[in-house]
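Novice: Dropping the structure in here first, questions after.
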Amino acid sequence: MTSALQKNRPGAAFPFDNSYVGLPPHFFAAQAPTAVAEPWLIKLNEALAAELGLDVEALRRDGAAIFSGNLVPEGAEPLAMAYAGHQFGGFSPQLGDGRAILLGEVVDRSGKRYDIQLKGAGPTPFSRRGDGRAAIGPVLREYIISEAMFALGIPATRALAAVTTGEPVYREEVLPGAVFTRVAASHIRVGTFQYFAARGDTDGVRALADYVIDRHYPALKEAENPYLALFDAVCERQAALIARWLHVGFIHGVMNTDNMTVSGETIDFGPCAFMDAYDPATVFSSIDQHGRYAYANQPGIGQWNLARLGETLLPLIDAEPDSAVDKANAVIKSYGERFQAHWLAGMLEKIGLAGEEDGDLDLVQALLSLMQAQGADFTLTFRRLSDLAGDDAAEPEFAASFREPDACGAWLTQWRERLSRDPQTASERAIAMRSVNPAFIPRNHRVEQAIEAAVDNGDFSLFEALLSVLSKPYEDQPGFAAYREPPKPSERVLATFCGT
């Protein structure tokens, strides 16, 4: 049992090169993790550790202590970041890392800088009477979803490790405690900018913007108006990101401004879920009672959040307020067109088209309307269409996606007519479609089954199996065909919950 913090024992397990700690002291609060009773390493992402240039052998040896927060690695400068945020439309001027502690930063072999953060590592000055801890269920969920998003090719924070703490956490029930180690390009959020803007701290906004440009958008240093260019670049990355969410049926669930990164990575997977049957109004998050963050609302919420970012940057964009507003408005108004372009390009890939013609949007919308009316599973329908693109014999299986199999006949006729003008061969098309239409997603019921086995029985075999399947989402994996299937009525997950 490790009962107290130890420092500097593991040597160079983490080659830290910290920069955020060099910002003004009111950007964060120095905060060491709180030791736990009996940490046990559930999972170490050895491939990611190697990519980051970490000492994998040292992490195998000391990982339970390091990733629980009991053993602070040499070079770490642990801190909790300050930020604010709009939560379901209401502004909170002070949120901050209430259960997360940034150990420091590392630079990988390609020169990219990443944060190493512990979630559930104990209370911080931003905990707001919380215990700063996390339960094992949300930790496993975040591990599964973040690694699945990576495998799907969607920018997202990564999972480096998960540990149990040997201590209970007290929620609606008593649950086993755990700590999650997250890797991110950075943890700077729209809400980080809002924190300083809400205090009238223009110097703080400027220091943060300069840091973000230097870290994430260095080419913008040469722009005529670097701060306007920064706003434009963040809008572009978010438009592309949210389009990718929609392409795989992902519903974030809690798109508050403190959960939107300026790096363009998906972050915070608490109540997120993947859609089964296609319905644009789908909501899973238990706290989203009015559907603010429903599947189809996500692009508009993204624009709303980015407008809040633009507001914080106005004093930097132009000293003349009206001119600053006009310039920022021009950027935010372009978001809709950008999103639509990214979304349509991806949807055309999903139905096998290499180029765009007039009428293609109508073809996509017709399929989505048919899927909604017929209760078709989002992921399976597009995967089966990929199979049909390469083999007409797969038509009965595609038709079986719909409650009334004959209902898809008219759409298939239109689709095939359109394919006749597409330059790809059938084989090329099928290969391309299978590379964008996954066979496997983190089905909500599969995630819950893995969590329940771990929580109730200490059995992590389903967790490991699910991680393995989801690491190759675009491969058929015949031995795991059951993981492709949507839930039976008795298996449906109706609501997801915040946790980490």
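Note that Cβ sites are derived from N, Cα and C of the backbone, with glycine treated the same way.
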Novice: Same ATP site as GLY96, GLY98, ARG99, LYS119, ASP131, GLY132, ARG182, ARG189 according to Swiss-Prot: which of ASP17, ASP232, ASP268, ASP276?
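Specialist: The candidate from ASP17, ASP232, ASP268, ASP276 that Swiss-Prot ties to ATP along with GLY96, GLY98, ARG99, LYS119, ASP131, GLY132, ARG182, ARG189 is ASP268.
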Novice: State the count of C-beta atoms found within 10 angstroms of the C-beta of ARG182 (ATP binding site), not counting that atom itself.
Specialist: 25
Novice: Looking only at Cβ atoms, how many others are within 10 Å of the one on ASP268 (ATP binding site)?
Specialist: 25
Novice: Neighbour count, 10 Å Cβ-Cβ cut-off, for ASN259 (Mg(2+) binding site): what number do you get?
Specialist: 21
Novice: Please name the residue among the recorded positions ASP131, ASP258 whose C-beta has the most neighbouring C-beta atoms within 10 angstroms.
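Specialist: By the 10 Å Cβ neighbour count, ASP258 comes out on top.
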Novice: Check the DSSP secondary structure of ARG182 (ATP binding site), expressed as helix, strand or coil.
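Specialist: ARG182 (ATP binding site) sits in a strand per DSSP.
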Novice: For the ATP binding site, please report the maximum Cα-Cα distance among GLY96, GLY98, ARG99, LYS119, ASP131, GLY132, ARG182, ARG189, ASP268 in Å.
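Specialist: Farthest Cα pair among residues binding ATP: 23 Å.
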Novice: Let me know the DSSP-derived helix, strand or coil state of ASN259 (Mg(2+) binding site), please.
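Specialist: Going by the DSSP assignment, ASN259 (Mg(2+) binding site) falls within a helical segment, counted as helix.
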